[in-house]
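The structure appears below as structure tokens.
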């Protein structure tokens, strides 16, 4: 038989276990470890898994709660103020889903928001990007005014003609691009070459449309995640200057001249984890890189120097894309969030929040105020920076949207009165997916124009050349494929 003390202890233990089951405890293992550290308890015990660690935290919190209740009962003559404070302390221990008390959360928010002093080089870069972006924005607005004065019948006819041509596109060429998966592809600015980035660590340059190899670029020790052409490469840029950049999983960015030989000291290192997508600023001097170290960085290509290490994402950063004017840059990460940054001030201009999966790809519309994002939730979202919100969600694919590209139109011209081309810039959007398909979508109503299949597995990268005459795709099947009008003569 139990004595009265033993019976009381047993009842208290049963009551404690009941309350322990009702405690709100976080499911995120990182939050659990942080809470254990706050309690001055070991973050991990030998052979302990996340489930056992969560149970241990629940047990510790219930013990602390029982001790406080005993102290409160023993001090029965305490004032109401003392009781309120005790209740408040209990609430702090049990409010785990919210990360602690309101005061604690506010203090954490204050600690997360911080500023660092920028260098003189960064200040110079911001001023240069400001001077570069203002005239381009003015020209873009003038072109949009010209477009706005065009009759609706003319626009509708141009759209129908362009979409009819797109529907006749078929597979033109297929080339084994690498020994492993081919992560990305990018047309040169003049459209006569295409570069690929492979998981073998090699980048390759091919002719268009024959897909004959021109050069193999060997400068990385791990798989490639990003590749980008200099905006003036193959146009006015010297072949001996930087024409191409690649990013690898070892954390380095390599700069290449044509036909593909790296100059001395052409590697830029700084990321402490895998480099994913990279992109040149429209002025060609600066380059952005996204990395699994949860940062994106801005580099000065001319002096091969890191100018900015930008935090702000709660997870790995996967994608980066500059707006056509050069005034904004968008980044997306595995935290399911995208961000738009002002390159001229460094401030966060907009948060792209709404995806239920990682943001794997981003691209800016030529109109300058919309950005498209492709996600692991199988959707594409169109964001408008004027409204600071998503204006369209496209159920684009049945699997991860791996890459996304706007049709950019013909090469820019200073003649703002030039007639609108058949394929108006931004008229359609190209997406690639792990479901093995490539799809084109009409701007505005966001209807599917055409879907192409041909890859044996996941599509990992897509691109469109400037005049829209060729589409390109790369995939997990190690191939590079070109798509063009069925009447195209090679």
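Glycine residues also receive a Cβ, built from the backbone N, Cα and C atoms like all the rest.
Here's what TrEMBL has on this protein:
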- 1-30: region 'Disordered' (REGION)
- 27-80: domain 'Pre-mRNA processing factor 4 (PRP4)-like' (DOMAIN)
- 67-117: region 'Disordered' (REGION)
- 78-114: compositional bias 'Acidic residues' (COMPBIAS)
- 175-208: repeat 'WD' (REPEAT)
- 268-309: repeat 'WD' (REPEAT)
- 310-351: repeat 'WD' (REPEAT)
- 352-393: repeat 'WD' (REPEAT)
- 452-483: repeat 'WD' (REPEAT)
- Recorded stretch that, among 175-208, 268-309, 352-393, has the most CB pairs under 8 Å to the repeat 'WD' (452-483): 175-208
- Query: DSSP says what for the repeat 'WD' (352-393): how many helix, strand, coil residues?
  - Reply: 0 helix, 24 strand, 18 coil
- Item | DSSP-derived helix, strand and coil totals, residue by residue, for the repeat 'WD' (268-309) | 0 helix, 24 strand, 18 coil
- Overall pLDDT of the repeat 'WD' (310-351), taken as the mean: 96
- Per DSSP, the repeat 'WD' (452-483) contains 0 helix, 18 strand, 14 coil
- Task: Using DSSP, break the repeat 'WD' (310-351) down into helix, strand and coil residues and give each count.
- Result: 0 helix, 23 strand, 19 coil
- Task: Would you mind splitting the region 'Disordered' (1-30) into helix, strand and coil residue counts from DSSP?
- Result: 21 helix, 1 strand, 8 coil
